[in-house]
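A.B. asks: Below, the features straight out of TrEMBL:
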type    : residues               : note
DOMAIN  : 20-242                 : domain 'Class II aldolase/adducin N-terminal'
BINDING : Cys98                  : substrate binding site
BINDING : His116, His118, His215 : Zn(2+) binding site
Amino acid sequence: MASAEADALVISSDPLHPANLIPELCRSFYQLGWVTGTGGGICIRTGDKVYIAPSGVQKERIEPTHIFVLPYPQPPPSPHTDRVFLRRPTSNLKESACTPLFWNSFDLRNAGSCIHTHSQHAVMATLLWTGPVFTISHQVRGTRLLVMSTSAVLRFPSQMIKGVRIAGTGTALSYLDTLEIPIIENTPNEEDLKDSMAEAMVKYPNAAAVLVRRHGVYVWGNDWEKAKTQTECLDYLFEIGVKMKLAGLLTVLNE
């Protein structure tokens, strides 16, 4: 593809274009502490094109022209070696090391977006849940205010767990459901997590994410909005789960 034609894939005045969204989202994730130190990543798939952030860069400083564009699907053996690109930045950048793991979300869940964070809440959850899965139930999503009098306000919870979808792309979980997120062991190189992540996704077909011990989490959704929402909800659940665990409270009722 000619250079001008390739660059047209990432140049748009539309704020919802993936090449504009990815830098915006990375800046937001940086403020949350999810992608500091050049870590973390995000991809957005629209039809037969995948837009991916670069690897090893300051995520809060990414520009649209830094975005890689790959075709989907990729001919074998891509996207793991010899990847095919529709567009590569002219600067000396490398596509996200998460690329093979992002492909798991496309191939196994038909996801439209996948987010990888190094959230401390996710990391702590993998340390306190020493087995192969993080579990939690009966958790809230936001609060509703109920005014009882001019001097008293009660906070009535609505369901946080309902912000997470079955398999990440299906129907929403209910307040009574138990959320299960598999935990896989970390590896020295990000790409080497591909197979164990895929195995966990197959073993736990209802999981909306995969935790990586002492590392972070991968979360996917039908599109970038649902992936972002689920990442936020899961981060809340990891945080509250860790606090409950440290306080000696059960994270799953009726066990």
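Cβ coordinates come from backbone N, Cα and C, glycine included.
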A.B. asks: What same-chain residues, at least 6 away in sequence, bring their CB to under 8 Å of the CB of His116 (Zn(2+) binding site)?
C.D. replies: Gly40, Gly41, Ile42, Cys98, Leu101, Phe102, Gly216, Val217, Tyr218, Val219
A.B. asks: Express the predicted model's confidence over the domain 'Class II aldolase/adducin N-terminal' (20-242) as a mean pLDDT, rounded to an integer.
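C.D. replies: On average, pLDDT over the domain 'Class II aldolase/adducin N-terminal' (20-242) sits at 90.
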